[in-house]
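Enquirer: Okay, so TrEMBL annotates it like this:
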type: TRANSMEM; residues: B:12-35; note: transmembrane segment
type: TRANSMEM; residues: B:63-93; note: transmembrane segment
type: DOMAIN; residues: B:67-254; note: domain 'ABC transmembrane type-1'
type: TRANSMEM; residues: B:105-127; note: transmembrane segment
type: TRANSMEM; residues: B:180-201; note: transmembrane segment
type: TRANSMEM; residues: B:208-226; note: transmembrane segment
type: TRANSMEM; residues: B:238-255; note: transmembrane segment
Amino acid sequence: MPFSRRLAPYLLVLPGGLWLAVFFVVPVAMMASLSLQTGNLIDGFRQTFHWQNYTDGLSTYGDAFVRSLWYGFLATILCLALAYPAAYWIAFRAGPRKSTYLLLLLIPYFVSFVLRTVAWKLVLTDNGPVLGPLRDHGIVPSDFHVLDTGTAVIAGLTYTYLPFMVLPIYVALERLDPRLIEAAHDLHAGRAATFARVVLPLSLPGVFAGVVMTFVPASSDYVNAEILGGPRNTMIGNVIQAQYFDDGAYPVASALSFTLMAILLAGIFLYARALGTRGILDTTAP
Amino acid sequence: MTTRPTRRLSALHLYTLLLTAWLILPIAVMILFGFNDVHGKQNFRWEGFTLKWYTHLLAKPDLTIAAINSLTIATLSTAMATALGTPLGLALARHKFRGRATTTAVLFLIIACPELVLGASLLSMFVTFNIPRGYPTILAAHTMVSIAFMTTTVRARAVTLDPSLEEAAEDLGATPWPRFRLITLPLVTPGILAGALLAFVLSIDDFVITNFTSGTTITLPLWIWASTRTGTPPQVNVLGTLIFAAATTLTLLTARRK
């Protein structure tokens, strides 16, 4: 092979690769380093390998951590339960209307995520279009709230990330060879048996991708908790944000972010291994 | 077919319609409250129909600046990610080189990491090196995320190409550049377009990474976020409605062309 041809891939990779190194690899390393430093905004920070940032952060904000993972888990389960039947119907029964329904599912993403959450606040507010009339007619008690509860946050997370669950399940079901279903029927499998033993197992890669794509952003979200949840339902994202911006407690904030990253990535790998699925990229790429 | 399965199918159909309605509900509310004749700061109760927020769309200069920032950052970061991510995607699909596994792992991590962690790590680096945050840092961060998505879509497209097409061009005497321009590029263009669309949409709507890298620069999602504490003015609904209309039209046009 001529020299120029051996050099070609490196020339292709170098510019983009450098960008990723400078704005992803180095920042993560800096966050790891900062998470072990001590100091304050005025005197600056020094590297002291202060592992207590991790234990302090976790003991002070452990409840927010647990709440985040719990809310993320519940939202993921709700998304899965809500998404599967719809993905199933679109993949197998929608016929020529398939692309219309897919577009309708994606339409929320044409509106800013923050603005959608504000719109939900508007819908669910105490004197708003839903609760206002219900209260005026005495259908719900006047001290009945939806906003500022954990339920509102979980509902908001479910709403926000539902399409992330529908799409990969739809892709997996759509790829399923219909002859397999016919073969199951020919072998006298009923509808339930066909679903349980043919359709469901073959859609599991899609379910896996959907669960990861929903759980990761849902458990680290702080927009829903801030706008819909009020001050008593803060998630770890709210804590990290406040630590960076309001308190300037960079080392503890870095330690918390690093812990969150480690927990989520470890979760993904364990989950992938337990399910025996290949990488997420394989299942999401068309 | 018996009647029982048919009835069960239509139940699923109805369910899908209801789910779709639920997804669209807040958007309908957003559009409606852009026509609300509010007088106070809170846009929560319907007070009558007006078009005044459409005619006074640019009455809040800082909101206009935020919208322009969002638009230019999305355009520039998409262009940069296209230029940097396309070659990366092609190299991963078609070449063996040292560092290939590392590159793949980094791309996977960027997509798998929560945005919160990406933003927090960027801020940690900017703080450590004392780099002031603002427009350039937002642009750099958005480009980084967009490269990951761009590379993934281009690679997915490029691995499906038949290598014999390029070999044929080579046999016919085409040198590397014409071979790329006339054969490879047209074939991977759908992947590039899909990646660019994804990058643009992700950038213009990004809140979390922007929040961590913005300094005092304001984008549309940041402006809306700040306004939730004092009351979101109807102009935000109008802007949201206009962006929604533009995005829907664009999508329908590209879908029809396919």
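Glycine is no exception: its Cβ is also placed from the backbone N, Cα and C atoms.
What TrEMBL says about a protein is an automatic prediction, not a curated fact.
If you look at the structure here, what lies around each of the features I listed?
Expert: Beyond the transmembrane segment (B:12-35), the same-chain residues lying 6 or more positions past its ends with a Cβ under 8 Å from any Cβ of the stretch are 43, 46, 49-51, 53-54, 234, 237-238, 240-241, 244.
Only residues 6 or more beyond the boundaries of the transmembrane segment (B:63-93), in the same chain, are considered here, and those with a CB under 8 A from a CB of the stretch are 100, 103-104, 135, 138-139, 142-143, 146-155, 157-159, 161, 184, 188, 191-192, 195-196, 199-200, 203-204, 217-223, 233, 235-236, 239.
Residues of the same chain lying 6 or more positions beyond the ends of the transmembrane segment (B:105-127) and with a Cβ under 8 Å from any Cβ of it are 133, 137, 141, 144-145, 148-149, 151-152, 206, 208-213.
Beyond the ends of the transmembrane segment (B:208-226), by six or more residues, the same chain brings 62-63, 65-67, 69-70, 73, 115-116, 118-120, 122-123, 126, 132-135, 137-138, 140-142, 145, 232, 236, 239 to within a C-beta distance below 8 angstroms of the stretch.
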